[in-house]
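Straight out of TrEMBL:
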DOMAIN    236-360  domain 'SSD'
DOMAIN    634-742  domain 'SSD'
TRANSMEM  6-27  transmembrane segment
TRANSMEM  207-226  transmembrane segment
TRANSMEM  232-252  transmembrane segment
TRANSMEM  259-277  transmembrane segment
TRANSMEM  310-329  transmembrane segment
TRANSMEM  336-361  transmembrane segment
TRANSMEM  394-415  transmembrane segment
TRANSMEM  586-608  transmembrane segment
TRANSMEM  615-637  transmembrane segment
TRANSMEM  643-663  transmembrane segment
TRANSMEM  684-708  transmembrane segment
TRANSMEM  714-743  transmembrane segment
Amino acid sequence: MAAFVYRFRYLIVAVFCILTLCAAFFIPNLRFEGDIQALAPNNVSSVGEFRRVNQLFGGADSLAVSAQSKSLFTPEALAEAAAINKELQSLPDVSDVVSVFTYVEPANVEDGLSFIPYIDPDALPSDQASSEALKSRLQGIKTVSGKLLSSDGDTLLYIIQTSPNVSQIRLIDNIKSIIAAHPDFAFEMAGTPFIDYQMVNYMRHDVVILIVFGLLAVVLVLLVGFRSLRGVLLPLFTIGCSLIMTFGFMGLLHAKITIVALIIPVMLIAICNNYAIHFLTRFYEDVFINGMTDKVEIIDASFRSLSKPVWLAFLTTVASFISFVTSPIPRIAEMGLFIAFGITYAFAMTMFFIPALLSILPLPRKHRRYHANEALITSMSKKAGGFITRHKTAILVVTLVIAAVGAFFIPHIIVDSEMANYFNPNDPVRVGIDFINKKVSGSQLIKVSLPVDPRTSEGLKKANEFQEYAESLGQVGSVFSIVDSIKSLNRVFHDDDPAFDVVPDNDETAAQLLLLVETSLSPERLTQLVSEDYQNLCFNIQLKAGDSATLQKTADLLRTKANEIVGTGGVSMAGVSLIANQLNGLVIISMLKSFVIAFTLVFVFVAFGFKNIPAGLACAGIMIAIVTVVFGTMGLAKIELSTATTLVASITLGVGIDYLIHFSARWFSERNNGYDKKEATSRALGLTGRGIIINAMAIIFAVIPPFFSQFRPIMYFGILCFVSILLSLVCGLVTMPALLSIIPDKYFKKIKI
């Protein structure tokens, strides 16, 4: 193979450069996607119900905007609040705004029945006394106080329904412009459009930070490790080409960049230098230590000594990412495939491009520091080898104890895919949700479709029973449906007698009142409440639940009551938070399936590669201990198991196994050369250990940039990867030699490298 590479070295270099340049042309096709529905598979029940409800009542999203002023009920502030409502209504991406300025109540006037907004923007109070009287009146209305107006009277809520073809970026940008024009009010936003907007902006920011600072971190490690220009540029060029090739491939397929896809550049930067580092470490060893000068012989020696460990490391790493294909979450499956593709390209560059380019370049000049460092490394390796072989039993006992402690904390792991929790507590998303939950009707919207006919008294009776139950739940802030309008109309028709603030008891009156309600509502609002065939009613329920468990419990109670009223079947519930909650179960399934498959493949590859089952079991056992400690860390630190952090198990297995393979391969090779266990350990630590440490440091530094991500799951992913690689490094250089030293020689007699 060395002769082939040397013969076609110029062609090989040209082919890889051309392929990479061609891939770069497809990168502009990439688009960012912040919608949580992009993560959920189409076959889950919550997604199906979401689509059914949207088909019946329109697919509009809801955005809550609060406006707070300590002097709200003054003529000037009310006029400004009305102007804000008008400006929101005029936005091209808004189909309807529900507020005290648009929510109407029936009233008997001289000309007959009229529908008047709770605050008529055309008849605003002109003095303070009228403003205070209006405030008192609104605070006494059940459908307003604590819902569209805070109980203390200083905050208004505008519930914005978006247009079907909404541009969320344009919508939020326009709302921000309105907010900026009214500095006397303090605004907060909450809802899916705002979450998606923030996610897209943060992803654009994070992807640059992760790539730029990740590459800088790798450059720093390579400079310290190799202290040569080619030792830095070759691995760096490999990473860069792999990133371009992978993102180009994604662009070719018109893939979307989701929060899960942010892990792709982190993993490629961390892993794609692996094979190049090990190849260059062996290359420098043959040039500087073994004194080889013939380029073909040097490349051939590198291929022969590294072929098995590098191939095993490549196969096990790719297997760990390919295992994500079994995930029920499509974006995780795609992420695994794209990372595996990038790693494969980096491996191909290591096997062909790097040796071809090295054969073109002149041999590196020997520098004095290399021999000085080599003497220091040899001395340290001998001491470390002696220490490990003497205390091998103690090392293994400590490893088992730490793993047992980790296992103890695993049951404390919390599963949470709630999108709002992806943001930091002081982020505008979280601040807005907390404020609106506290002051008004709540930030979480659930739509419930009830199969009842509003033209009949029986249908309205069932609808009223469901609404009264929903309003009795502590986490429900408000319920918007036609029920309140029907009851108000019935009361007005009976001279405002409170005894008639109920749904009608006959079909004729029910049909007449429904007709009047239809004339009082805009077509956009009517479509959101009553299906076109009058066979379903929609209840827009605003929840104050802050965590996914409480929200799910409330949703379950609502579903149970709805099924009790109308019978099982026909009830549908839609909400982004419900989709997120169902993702929680899929996250666990995804993690378990991918880890079991990855673990099985890794064991098979290692055992088959070394042609030795005990060697495979030794590597597998240590990796289980590492994964156990990592997940124990999650439980101890209360890090949520999400769509991002669930990937850590398989990634730890795929990346960490590399160190065990490289050390074991060198250890077995030294044993085959006649060295005893102590000497074999020392030599493996001194020769292969250098490449392992450089590679591990490169990965560790590459996963530090996610610490500063705007997303908590990505931040936690970086922290957990940092812990897992550090553990893998320690286990690869300490636990693995201790385990190999304690296992009797008879189990490793047939291993040949």
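Even glycines carry a Cβ here, placed using N, Cα and C.
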Of the listed stretches (232-252, 394-415, 615-637, 684-708), which one yields the highest count of Cβ-Cβ distances below 8 Å with the transmembrane segment (207-226)?
684-708
Where among 310-329, 336-361, 615-637 do we find the most Cβ pairs under 8 Å to the transmembrane segment (259-277)?
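Counting Cβ pairs under 8 Å, the winner is 336-361.
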If you average per-residue pLDDT over the domain 'SSD' (634-742), what number do you get?
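Residues in the domain 'SSD' (634-742) carry a mean pLDDT of 85 in this prediction.
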Kindly report the helix/strand/coil residue split of the domain 'SSD' (634-742) according to DSSP, in that order.
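Its residues divide into 93 helix, 2 strand, 14 coil.
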As a quick check of your reading of DSSP, tell me how many residues in the domain 'SSD' (236-360) are helical, how many are strand and how many are coil.
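Looking at the domain 'SSD' (236-360) with DSSP, the answer is 108 helix, 2 strand, 15 coil.
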What residues in the same chain, six or more past the boundaries of the transmembrane segment (615-637), come closer than 8 Å to it by Cβ-Cβ distance?
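Cβ under 8 Å, 6 or more out: 399-400, 402-403, 405-413, 595, 599, 602-604, 606-608, 645, 648-649, 652-653, 656-657, 660-661, 664, 668, 716, 720, 723-724, 727-728, 731, 735-736, 739-740, 743, 748, 751.
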What stretch of 232-252, 394-415, 684-708, 714-743 shows the most Cβ pairs under 8 Å to the transmembrane segment (336-361)?
232-252
Between the transmembrane segment (714-743) and the stretches 586-608, 643-663, 684-708, work out which stretch tops the count of Cβ pairs under 8 Å.
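Between the candidates 586-608, 643-663, 684-708, the best contact partner of the transmembrane segment (714-743) is 643-663.
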